[in-house]
Amino acid sequence: EVYFKNLSKQKQKEVMEKNGNNHKLRVCVATCNRADYSKLAPIMFGIKAEPQFFELDVVVLGSHLIDDYGNTYRMIEQDDFDIHTRLHTIVRGEDEAAMVESVGLALVKLPDVLNRLKPDIMIVHGDRFDALALATSAALMNIRILHIEGGEVSGTIDDSIRHAITKLAHYHVCCTRSAEQHLIAMCEDHDRILLAGCPSYDKLLSAKNKDYMSIISMWLGEDVKTRDYIVALQHPVTTDIKHSIKMFELTLDALISFNKRTLVLFPNVDAGDKEMVRVMRKKGIEHHPNFRAVKHVPFDQFIQLVAHAGCMIGNSSCGVREVGAFGTPVINLGTRQTGRETGENVLHVRDADTQDKILHALQLQFGKQYPCSKIYGDGNAVPRILKFLKSIDLKEPLQKKFCFPPVKDNISQDIDHILETQSALAVDLGGTNLRVAIVSMKGEIVKKYTQLNPKTYEDRLALILKMCVEAASEAVNVNCRILGVGISTGGRVNPREGIVLHSTKLIQEWSSVDLRTPISDALHLPVWVDNDGNCAALAERKFGHGKGIENFVTLITGTGIGGGIVHQHELIHGSSFCAAELGHIVVSLDGPECLCGSQGCIEAYASGIALQREAKKLHDDDLLLVEGMSMKEEEIVSAAHLIQAAKLGNTKAESILRTAGTALGLGVVNILHTVNPSLVILSGVLANHYVNAVKDVINRQALSSVKTVDVVVSNLADPALLGAASLVLDYTTRRIY
């Protein structure tokens with residue numbers, strides 16, 4: 001531990017030497033409202049605690065400086081931060097134009113401040129319109145930007161603003177794995193993305209205020225008990241103001257009917273906020289004995305209030321993010337947080353025409369206690385962020401780079417391209433055949449070419465290029481526009497680089513092979529490469545039984561045994577691209593030898609090669625053929641002969657197939673106990689022969705909680721080619737891969 005700490009200090013020293021001897025990183029943190037300060041404050045405390053590395057400048061603007069919203073700049077002063085600049089940037093108004101004017105006013109005032117401060121980096125949080133003004137100003141003034149909470153998905157205009165800030169920012173701190181993947185899909189540089197978790201969780205998970213009853217009494221009254229009150233926080237939805245105000249009215253009606261003590265916080269500064277305040281006053285909320293209406297609650301106290309509430313209701317991101325850390329029930333109203341990752345404590349009410357639906361949700365949620373959720377953080381975000389800041393080399397070029405997929409030539413858009421059918425070139429490298437197909441967006445195989453797979457690397461690559469060039473030329477004649485090339489191949493593949501790392505024994509001279517570069521150079525098209533098992537899973541996700549399924553596994557039963565795992569709609573590759581080698585799950589310690597060199601693998605029992613081996617043994621002992629079967633002298637014994645013999649009553653063949661089915665079933669049980677999918681798809685020529693055996697083993701051997709899994713046979717005629725095509729079609733149509 002001491003060694004690694006010293007190593008970390010040495011690296012930080014080297015970065016400081018690169019940035020100039022003893023140069024401290026000058027960090028400007030700009031905060032716009034109470035919500036973003038709750039996320040930025042932990043980082044600010046961390047920066048302030050390390051004066052040998054950082055200089056901190058604090059800029060306050062937006063609703064912090066408005067009396068109607070509680071003059072929340074005071075809590076920054078109470079936290080003992082020196083505010084360098086206060087900027088009044090909010091233009092009063094009740095429509096979208098006021099938000100635009102506020103952005104404009106901030107853009108007018110910020111350049112002078114940034115010229116005086118000259119920060120090395122500016123930290124910007126979230127998705128508010130004020131933050132967009134900050135990011136725009138910093139980007140145009142060549143100041144590096146660190147964006148907190150990019151890559152997330154929610155409703156309203158916030159999504160567009162958040163992603164716009166992402167494109168302006170040079171560095172990104174995200175809270176969840178999905179957000180990280182979204183940033184990568186948006187072509188951001190993976191090396192400049194930090195998966196740290198939400199900074200506010202550092203405070204949430206360490207909040208152990210034993211005197212929470214005094215806080216509850218102060219805000220809600222001395223007669224209120226824990227888990228017996230509601231916290232309500234609802235904001236206008238700027239893309240549908242009228243509907244959001246109507247839903248706020250229904251919420252208040254439901255809360256009045258529910259008859260529990262309720263703390264109502266005033267909404268954010270957004271178009272429609274004044275109208276929501278008028279609704280509160282029209283219904284007498286500020287004078288109702290069951291309600292306490294407040295403009296602001298200090299974050300430390302707000303944590304305690306939501307942690308011990310019977311329920312939180314509204315459409316604030318706090319409800320779907322921070323409150324999950326305490327397991328407090330949440331009712332999320334409307335579309336403002338659509339797309340956010342949530343814990344099981346959140347009940348969504350997407351739309352409501354009357355108060356009844358909201359009232360019913362209150363009856364379902366109030367007083368429950370859910371497991372605590374750590375989707376958005378583990379309490380260690382700030383140390384990671386500080387370490388990330390220390391690693392920034394100010395001598396690196398300021399101009400940010402985007403990581404686009406490789407494309408050689410850009411074709412101008414014209415009417416002919418629009419009228420063409422968008423398609424992919426799909427390549428399937430099997431042990432015997434090499435196939436190339438033109439596949440349409442709907443999964444239709446428009447044209448297919450098949451050749452024997454050459455034995456040497458040079459001949460194989462030359463044939464791939466020749467067949468792809470011919471298919472690309474033919475695509476013009478069938479009115480197809482080729483968007484890219486997808487390649488499905490056996491073996492271990494690095495899909496990021498397009499390299500076959502290690503091949504199976506079925507394909508000779510096929511290790512450490514760069515497929516992307518020569519094919520992309522020859523065709524001037526982007527190229528994607530993946531393992532054939534992963535491609536089969538992608539085919540099911542786009543065209544087959546896996547469409548719309550969040551978690552499923554595909555097993556290929558053919559010459560070998562392979563597969564792919566889709567978890568939370570995403571394909572799992574693993575740290576060394578070796579995930580989902582399902583054929584090499586060991587089901588017996590002393591089983592037959594597998595081609596991988598191990599013993600007792602599923603593939604050694606249930607693959608076509610394994611069945612062919614057993615069929616040959618029976619044939620050599622004259623135990624294979626039964627009445628109704630015949631073979632020519634030159635005919636090679638295959639798995640098909642074993643299956644035919646079993647169907648005709650050969651008990652030896654039946655026993656071999658039963659053992660193979662049991663081995664495959666045990667492998668599936670292991671998969672169910674490891675990744676817990678909701679669906680298992682059997683693909684390949686042997687799938688129909690194994691499906692019942694697999695179901696029987698699951699019923700006998702699996703835990704009761706996974707026995708309900710669906711096991712189905714794939715209905716795709718050509719999963720390898722369709723999967724290779726989906727590598728292209730998913731990416732070029734903006735689906736994440």
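Every residue, even glycine, has its Cβ placed from backbone N, Cα and C.
Automated prediction, rather than curation, is the source of TrEMBL annotations.
In the predicted model, the domain 'UDP-N-acetylglucosamine 2-epimerase' (53-390) shows an average pLDDT of 91. The domain 'UDP-N-acetylglucosamine 2-epimerase' feature in TrEMBL is assigned to 53-390.
Feature annotation from TrEMBL assigns N-acyl-D-mannosamine binding site to R492, T504, D532, E581, H584, E603. Within its own chain, H584 (N-acyl-D-mannosamine binding site) has C594, C596, S598, C601, I602, E603 as residues 6 or more apart in sequence whose C-beta sits under 8 angstroms from its own.
Around the Cβ of D532 (N-acyl-D-mannosamine binding site), the number of neighbouring Cβ atoms within 10 Å comes to 26. For D532, the entry in TrEMBL reads active site.
Around the Cβ of C594 (Zn(2+) binding site), a 10 Å sphere holds 22 further Cβ atoms from the protein chains shown. The Zn(2+) binding site feature in TrEMBL is assigned to H584, C594, C596, C601.
Taking every protein chain shown into account, C596, C601 are the binding-site residues, and of these the Cβ with the most other Cβ atoms within 10 Å belongs to C601. Sequence-distant contacts of R492 (N-acyl-D-mannosamine binding site), defined as residues of its own chain at least six apart whose C-beta falls under 8 angstroms from its C-beta, comprise V500, L501, H502, N531, S576, F577, C578, E581. In sequence order, G431, G490, G491, G560, L595 are the residues of the chain that are 6 or more apart from T504 (N-acyl-D-mannosamine binding site) and have a CB within less than 8 Å of its CB. Other residues of the chain with a Cβ within 8 Å of the Cβ centroid of H584, C594, C596, C601, the Zn(2+) site, are G583, V586, L595, G597, S598, I602, E603, A604.
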